[in-house]
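I have placed the structure first, in the form of structure tokens, so that the comments after it can refer back to it.
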Amino acid sequence: MMKLPLAYYGDSVLRKKGSQIVEINDTIKQLVQDMIETMEANDGCGLAAPQVHQSLSLFITCIPQYLENDQVIPGQVRVFINPKILSYSQEVWACQEACLSIPGMRETVSRPLKVTIQATDLNGHSFTEEFEGFDAHVIMHENDHVNGVLYIDRLPPKRKKGIEKFLREIKKKYSKN
């Protein structure tokens, strides 16, 4: 396994729709293993292929459970290949989101409370599952990545305006030009 370099805000790969994966071969399996190592090394709870410079329809999650007594149950790594959102709840829920591709920033984002997604796992099995609350936020955040959307795109216009300078600084700091 190998830690992969991250794509940061301003990198065009983050704005491209990921290509569908036709075959789950050794290259894809290795990419997933490398993505897991990269996500864990960066203390993330999700990572999409475009964030590691791969324009593919693939993301992984490892979402911990936060209990009321301040205990944390570590998450299980999940793989979502060719994900497709099937439905959203009408009810929305706002929570803080961050992104490994936009370091140093957290913003409150409103998203549907529940989401149902269809995807394929690393063994080639198709599954459909409903997620709620924080889990749903992570799933939708990562699914946005494979569609070229960043969480900052979901912010109200006034808030977007307020972070422009910070985003320019990130672009300047991490730009390869």
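Cβ coordinates are placed from backbone N, Cα and C, and glycine is handled just like the others.
According to TrEMBL, the features are:
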ACT_SITE  E142  active site
BINDING   C99, H141, H145  Fe cation binding site
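Everything TrEMBL records as a feature, shown here on the structure.
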{"residue": "C99", "record": "Fe cation binding site", "contacts (Cβ under 8 Å, 6+ apart)": "M105, H141, L150, Y151"}
{"residue": "E142", "record": "active site", "contacts (Cβ under 8 Å, 6+ apart)": "G46, L47, A48, F59, I60, T61, F80"}
{"residue": "H145", "record": "Fe cation binding site", "contacts (Cβ under 8 Å, 6+ apart)": "L14, G18, A48, A49, P50, Q51, F59, S101"}
Report the residues of the chain - excluding C99, H141, H145 - with C-beta within 8 Å of the mean position of the site's C-beta atoms, for the recorded Fe cation site, in sequence order.
G46, A48, Q51, E97, L100, S101, E142, D144, L150, Y151
Per DSSP (helix/strand/coil reduction), H141 (Fe cation binding site) sits in helix
